[in-house]
Structures are given as C-alpha cells and as structure tokens.
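Student: The structure that follows is given in the form of structure tokens.
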C-alpha cells in the first residue's frame with residue numbers, strides 16, 4: 001500500500017496524541033526522541049533516538065519518511081534548510097517555521113502586513129527599554145526572541161534596573177530581546193487554522209484560553225459569549241497569517257481580546273497546540289488528524305464542533321507521584337469525563353495530562369466537571 | 001507511576017483500535033502477534049511474537065502484564081487455565097470465554113437459563129439432521145461449534161445429502177456441529193454491554209447490523225425505529241447473559257429480531273466487535289476504551305451516544321491493491337466522514353478498514369455518505 005510515513009521531530013504529548021489519528025488514517029509515524037521513555041515513544045514503534053540539534057539524527061529520521069513535521073519549534077533553521085536541500089519535504093517549511101521560532105521575526109512580518117499586534121520593539125540596552133516605556137508605559141513585557149515556552153523566556157519588568165538583568169542574561173546567551181506593551185486584555189483567545197500545501201485552509205471555532213503563571217490551564221470552546229463577527233475576525237486574522245507565511249500544517253494564533261473588542265496577536269504555534277486538545281472529542285476532525293492531513297497534502301477534514309460546548313483543563317504534576325488512585329476516583333465520579341494521561345513522570349507544575357468534557361448541558365456544569373477532575377488529579381483538592 | 005499494562009492476545013484491527021484508547025488512558029499495551037506486520041503490531045511498540053496455540057508464547061506475553069485479554073477467541077482453553085494457575089488475571093476468564101469459543105456450550109447454557117435462542121440441536125449424523133428438520137423445517141443452518149468467524153463455519157443446507165458433506169468435514173476436524181433453525185428474521189441487531197470484575201455493567205444503545213455473505217457490512221446506531229421497550233429488552237438480555245456467565249470486558253450479543261418483535265440470541269463475542277466500531281466517534285466511551293476499563297476493573301465510562309445517529313460501513317478489499325487514490329478522493333468529497341484504515345494488505349473480501357459518519361442530519365443522508373465512502377474505497381463504485 002502507498003500509505004505514507006510522517007516523521008515528527010519530538011516525542012512529547014503532542015506526538016503521543018498524534019498517534020491515534022495516524023493509526024486511524026492508516027498513516028505510519030516515525031519519531032525523533034531523546035529517549036525511549038518519552039511520552040510518544042511509549043506508543044509509537046518506530047523511534048529514532050537523537051537530538052533535534054543533530055543534523056545526522058534528523059537525516060536518520062527523514063530516511064524513508066514522506067514528510068517531516070514538528071511537535072516543537074526547537075530545531076536549528078540551518079538543519080531544516082539542509083533537509084530541504086536533501087529533497088526532504090519539511091512542513092511547515094523553514095521559512096514559515098521561523099515565525100514560530102523567533103518572535104522578533106514574527107513581529108516584523110506581521111506588523112509589515114498590518115496585522116494588529118501589541119506595540120513592540122527589539123531592545124538591546126536599558127536606554128532602549130526606557131525609550132520604549134516612555135511610549136508604551138510601564139510595566140514592560142520582555143521576551144527572548146527565541147527559545148521560550150510555557151511562560152519561560154518572558155518577564156514583566158517595572159524599571160530599567162529590572163530590565164538590565166534580563167538583557168544581560170539574554171546577551172550572555174546571544175539571543176535578542178523584545179519589549180512589548182503589557183496589553184490590558186479582557187481575556188485570551190486562540191484561533192486555530194490548518195493549511196495544506198496547495199492552499200486549502202480551514203478555521204476551527206475560536207476558543208478562550210486561561211493561563212496561570214504563563215501555563216495554559218483551561219480552554220473553553222467556543223469562547224463563551226464571543227460575538228459572531230469578532231469570532232470571524234479572529235479566524236480571518238489566523239487564515240491571513242497562514243497564507244502570508246505560506247504555512248503548512250496546523251497553526252494556533254494566540255490572541256489578546258481588548259476591552260474595545262479588538263484582537264491583538266500574541267504568539268504563533270505552528271504545530272498542534274494545547275488550545276486545540278478539546279478537538280479530540282469536541283470536533284469532527286481533531287487538530288492532530290488535521291495536522292497530518294495538512295502536511296501530507298490530503299484534503300482537510302471538517303473543523304466543525306460536535307456539540308455546543310467543550311471544556312478542557314490541564315492536569316499538572318502535584319505532590320503525589322502516583323496519580324493512579326486519583327485517576328480511579330475521577331473515572332468513578334464522572335463516567336463522562338475524558339481523561340488523557342501522557343505517560344510522563346509527575347513533577348510539580350509539569351503538564352502530565354488533560355481532561356475534556358463535552359456535552360449539551362450548561363457551560364457552568366461542564367466547567368465544574370472538567371475543573372474538578374483536573375484539580376483532583378493535580379492534587380489541589382482531595383474531595 | 002502505577003499505571004498498568006494490558007496484554008492482548010492478537011494483533012489485528014481490534015487491537016489496533018484499542019491502542020488509541022490505551023494511549024489516552026495512560027495504559028500500556030503488549031500484544032501477542034504472529035508477525036511484526038500485523039495491523040496492531042504496526043502501532044504498538046511492545047510486541048511478543050508467537051502463536052496463541054503456544055503456551056510459552058502466552059506466558060511471555062503475560063510476563064509483566066497486569067491482565068491478559070483478547071481480540072479473538074481462538075486460544076486453547078487449557079492454556080488459559082494454565083495462565084490462571086500461574087496467577088495471571090485472564091479477563092474474560094476461561095469459564096466465560098468458552099461461551100464465545102463453543103457455540104454448543106453457549107446454546108446449552110443460555111437455553112438452560114431460559115434466554116431465547118433459535119431452536120438448536122447438536123447433530124452427529126444425517127439422521128440427527130433429518131430429525132431436527134422434521135421439527136424445525138428445511139433449510140437447516142449447520143454450524144461448527146468452534147472455529148468459525150465472518151460467515152466461515154456456517155452452512156445453510158436444504159437436504160440430508162448436503163448436511164452429510166458438512167458433517168463429514170467437521171468429523172474429520174474433530175469438531176461438533178450444531179443444527180439451528182433458519183430464523184425468518186426481520187433484521188439483525190446487536191446489544192453491546194461491558195461488565196467489570198466487581199460487577200459494574202453498562203449497556204450501549206442497541207444497533208442494527210447488516211450482513212452480506214456472512215460478513216458485517218453496515219451498522220446503524222441506534223437501530224432505526226426500534227421501539228424503546230424492545231431496545232430495553234435486548235439490553236436486558238445482554239446484561240443478563242453478562243452476569244450469568246460472569247463475563248468481564250465488553251461483549252456483543254448478536255440478535256435476530258423476528259416479525260413478532262421477539263429477539264433471539266444468534267452469537268456472542270467477548271471482545272470489541274465490528275458492531276461497536278461506531279462508538280469511536282459516536283459514543284462518550286468507545287468500546288475499546290470500555291473494554292480496557294472493564295478488564296482493568298476501572299470504573300466504566302458512559303455508553304451514551306453523542307448524537308442522534310451514527311452509521312458505520314466496512315471497507316472490504318477489492319480489485320485495487322492500492323487504496324490511497326480512492327482514499328484521497330473520499331476525504332476530498334466528504335470532510336466529515338471518519339475513515340479508519342487497518343494497515344492491512346488488500347485482498348478481495350478482506351476487512352481492511354471502515355468508515356463512520358455521525359451527525360444530526362437525516363439518517364438517509366448519513367447512510368448515503370457512509371455507504372458511498374465504503375463502496376468507493378472497496379472499488380464497487382468509481383464515482
């Protein structure tokens with residue numbers, strides 16, 4: 001059979017949750033994993049051990065794959081260019097992926113295209129930060145252009161003295177720093193779209209995401225109370241970015257919703273994203289299946305929601321290394337909650353699973369169920 | 001983490017479709033496969049190669065597993081008793097599983113419990129068949145008590161001369177033969193239930209199944225037009241059988257619906273079953289997840305349907321060994337159809353995949369979509 005093989009750089013929970021979609025589609029997966037214990041390496045037979053910093057490892061991954069894609073952006077662009085030069089289809093391509101790898105490049109490109117972003121500037125000195133703050137006000141958000149995730153690489157600073165510490169640490173690592181205005185947002189949204197090489201694109205319902213300490217904790221799909229025209233506007237921004245960047249695959253556009261109803265682009269993720277986990281149960285085509293279809297240039301699936309509401313809550317590691325007793329309790333308490341465990345060692349604050357509740361009941365009830373299950377598994381509550 | 005490992009005897013599509021459920025639950029799988037190319041061995045890393053007829057292979061499978069279960073019934077009962085004697089939890093246990101392995105044992109047990117079955121008799125000679133036909137009429141259905149599936153091991157005979165051929169072939173193989181009345185059924189139904197070791201049980205919506213040449217082709221969930229009291233009666237029969245046999249895991253009870261509204265038990269399957277594939281997209285808890293939860297003595301999940309209708313159609317192998325072009329066409333034609341490919345070589349008549357359509361549209365429209373996709377993939381139609 002001519003069914004293809006997809007190589008994924010990375011073997012965390014995003015690759016793990018791609019495995020079921022691949023099995024159903026009849027598509028084979030090969031992973032690049034740091035160790036055979038990683039989340040996805042537990043559930044995928046074909047694993048190449050190595051680092052994404054190692055071009056030889058990437059070439060071993062690519063050998064026999066029909067396309068290479070990613071579950072994270074931490075791959076040196078020059079290695080991706082080398083794979084492309086080898087003739088390997090890399091999707092999204094390096095020229096698109098750089099916008100998820102480098103926030104300064106992303107800001108430059110989106111601003112040039114007139115896509116609304118927070119005020120921003122690349123800063124190299126205390127004077128630069130002070131000058132930016134004189135226009136945008138304190139506090140200022142500083143971000144390393146590369147390498148951050150889940151709140152790492154982001155600082156909110158209230159003075160040039162605080163900024164200097166961040167700048168010096170970044171300079172020591174050789175990464176650029178962006179200053180951004182601290183947007184007084186009402187809430188955060190995410191607009192997820194998928195685009196295929198021949199340009200077919202679909203947009204998922206816009207969701208609300210809730211972060212605590214920079215880590216996504218809850219997602220509500222669709223975003224409660226979001227006006228139809230605002231939702232369409234957010235989808236249009238995401239579709240426009242996908243086309244502008246010649247993106248291939250699934251992309252999440254994280255957005256700030258402001259009090260006056262505007263949306264500003266916060267970040268881009270060019271891979272399956274935490275804001276789309278609800279699609280496994282909540283949409284006709286999950287983000288994981290959609291990503292595979294997009295990178296294989298297969299026709300895209302329907303992004304329609306299956307029900308009126310879905311609520312996703314992340315399970316973080318807590319104080320108890322063995323979650324199994326809490327897990328049994330949760331399954332007994334709520335036969336309708338969908339629990340996803342990632343097979344990861346519990347460490348405090350680490351994402352080790354998530355729960356989703358879908359249904360046609362009132363949103364408050366679904367939220368309480370998802371929130372309770374996640375908090376109980378995390379160990380924040382005990383009854 | 002104390003999350004368990006489940007060993008499955010078999011590595012066909014039923015084990016393949018169990019893998020996604022296991023990954024989400026955080027449960028590890030180990031398979032007993034005849035070869036590394038088998039459907040499920042393509043998507044599960046931990047595979048023991050060997051035959052279910054080989055006790056040593058079964059013991060290698062069991063080593064390190066928390067429970068052993070099945071995707072087919074073709075395991076010698078004495079081997080299962082040996083595993084039980086080793087202290088291995090085998091679920092369903094041999095005393096339950098024999099009712100799915102041996103149709104004569106099943107008929108004896110259900111008849112003794114007053115559960116409605118077609119008229120039946122174990123037959124060893126032409127005279128036995130003639131005597132049965134004098135009561136139940138011609139034609140007579142002859143079945144080998146053991147070893148049949150997908151219509152194999154079943155013959156409809158119109159005379160003692162035809163019966164003699166079947167009896168002689170069966171005698172040569174040392175298997176018993178049952179004669180059963182040919183039920184003038186209106187349609188076939190299936191009632192799927194799950195039961196856990198401590199006796200929790202759930203019943204799925206009763207479905208209609210459509211067979212052609214003994215092979216399941218289509219499933220409608222719930223069975224269209226089935227009266228509520230008839231559905232409850234069928235569920236009660238299945239739950240009663242599960243309790244009677246001390247069944248653990250998921251069980252499908254195949255039923256004949258007669259013109260006067262009775263249901264008669266046709267066969268039992270003590271594992272995930274083709275009649276339950278619709279539950280992957282159509283129910284809160286898929287039959288595969290439910291089976292894992294049951295054999296692990298985890299609390300069972302909700303068997304509720306997510307929408308008003310689901311239609312499943314099997315994809316059989318046709319004349320074209322490469323289905324990928326047809327598959328691309330189907331995905332493009334219908335962004336809402338869910339295609340499941342099993343990674344199996346195409347051979348004419350072999351089950352190589354299935355499609356499911358769920359939705360709240362009219363049943364006729366869903367049926368047309370599922371039927372078209374399956375027929376196009378099979379190669380029965382070309383537009």
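Glycine is treated like the rest: Cβ placed from N, Cα and C.
TrEMBL annotations: computationally assigned, not manually curated.
Okay, so TrEMBL annotates it like this:
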BINDING   B:103, B:143, B:180, B:181, B:182, B:183, B:188, B:266, B:267  ATP binding site
DOMAIN    B:107-296  domain 'ATP-grasp'
Student: Report, as a single number, how many Cβ atoms besides its own are within 10 Å of the Cβ of residue B:103 (ATP binding site).
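Tutor: Taking all protein chains shown, residue B:103 (ATP binding site) has 26 Cβ neighbours within 10 Å.
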Student: Please report the three-state DSSP label of residue B:182 (ATP binding site).
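Tutor: In three-state terms, residue B:182 (ATP binding site) counts as coil.
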Student: Please report the three-state DSSP label of residue B:267 (ATP binding site).
Tutor: strand
Student: Determine the minimum-neighbour residue: among B:180, B:188, B:267, listed as binding-site residues, which Cβ has the fewest other Cβ atoms within 10 angstroms?
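Tutor: Taking B:180, B:188, B:267 as the binding-site residues, the minimal 10 Å Cβ count falls on B:267.
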Student: Test of understanding: give the count of other CB atoms lying within 10 angstroms of the CB of residue B:182 (ATP binding site).
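Tutor: Residue B:182 (ATP binding site) is surrounded by 15 other Cβ atoms within 10 Å.
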Student: Give, as a single whole number between 0 and 100, the mean pLDDT over the domain 'ATP-grasp' (B:107-296).
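Tutor: Computed over the domain 'ATP-grasp' (B:107-296), the mean pLDDT is 95 on the 0 to 100 scale.
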Student: May I ask you to report the DSSP-based helix, strand or coil state of residue B:188 (ATP binding site)?
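Tutor: Assignment for residue B:188 (ATP binding site) reads strand.
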Student: Looking only at B:103, B:143, B:180, B:181, B:182, B:183, B:188, B:266, B:267, the residues listed as binding ATP, what is the longest Cα to Cα distance in Å?
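Tutor: Output for ATP binders B:103, B:143, B:180, B:181, B:182, B:183, B:188, B:266, B:267: max Cα distance 18 Å.
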Student: Using DSSP reduced to three states, classify residue B:103 (ATP binding site) as helix, strand or coil.
Tutor: helix
